[in-house]
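So TrEMBL says this about it:
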- Glu95, Asp209: divalent metal cation 1 binding site (BINDING)
- His132, His160: divalent metal cation 2 binding site (BINDING)
Amino acid sequence: MFQGCYGGTQKHEPDLHIVLERAWQQGLQKVIVTAGCLKDVDEALELASKDERIYTTVGTHPTRCEEFVPDPEGYYDQLRSRIKANRTKVRAVGECGLDYDRLHFCAQETQRLYFEKQLDLAAEFKLPLFLHMRNAAEDFMGILERNRNKIEECGGGVVHSFTGTLEEAQRILAFGGLYIGFNGCSLKTDENAEVVRKLPNDRIMLETDCPWCGIRPSHAGHKHVTTKFPTVKKKEKWTAESLIDGRCEPCQISQVLESIAGIKQEPKEQLAALYYQNTLDLFFGTGESKE
């Protein structure tokens, strides 16, 4: 989408450089690109090589785990080699986990096998995990529990784009060493908002998951959003100054912050500092400033 291509059709010129510049102007200091397969990893590393503020994850999304099947060890070794050759740019193993909502892409058994396999990468390189869980809490937590030593070795992780129940969130936090990541998809319903309201700030991270998961007008969290961006409805009407309706951008992380601050009734500046520090602590060590 940031190359201007939607469903195989070119709608406008590539604008990733403009999207990133808008993010920096909005106050972002770092971007972690989420990779979901080897192709993603290589593209993200190429992008990150051009800007010291951009980093990436290395891993295979649960819906892409069929890519392991033809040559499991070979595919694993390629993931491993990307990490080994790019230690300063790779900040997490993932996106990995379980997604039982989209089994038409990859069967449960395959997902479980290669989710667990990727925990070896995290333990070997002492990299935190960028985790995905959809409608799979029992199996997801079961895999983490029997690999607790590896999770401890790698320093924990974040369960991103969380849309589960309060009970599931509490079980994740009770495991220890894990954060929960929220974006627009996490703020759709009143039930989602209640989960956010009840979770401790020292275990929360913010994200966009762009180009997906923007906060839509129908979302429960939308009423708290105060930052507005010029937006065009149709992709063909793209301009460099405008966002495209339905395509989320990194700059919109400020809207996620505003929504959560409104839900919790806490100052957004205070929450911004806390959530940013959580991110630094997990992905960059604790030596960097909150500012």
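Every residue gets a Cβ built from N, Cα and C, even glycine.
How about a rundown of where these features are and what they're close to?
For Glu95 (divalent metal cation 1 binding site), the same-chain residues 6+ apart in sequence whose C-beta sits under 8 angstroms from its C-beta are Thr34, Ala35, Gly36, Thr57, Gly59, Thr60, His61, Phe130, Leu131, His132, His160.
Every protein chain considered, the tally of other Cβ atoms within 10 Å of the Cβ of His132 (divalent metal cation 2 binding site) stands at 25.
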Quick one: of His160, Asp209, which of the binding-site residues has the smallest count of other CB atoms within 10 A?
Asp209
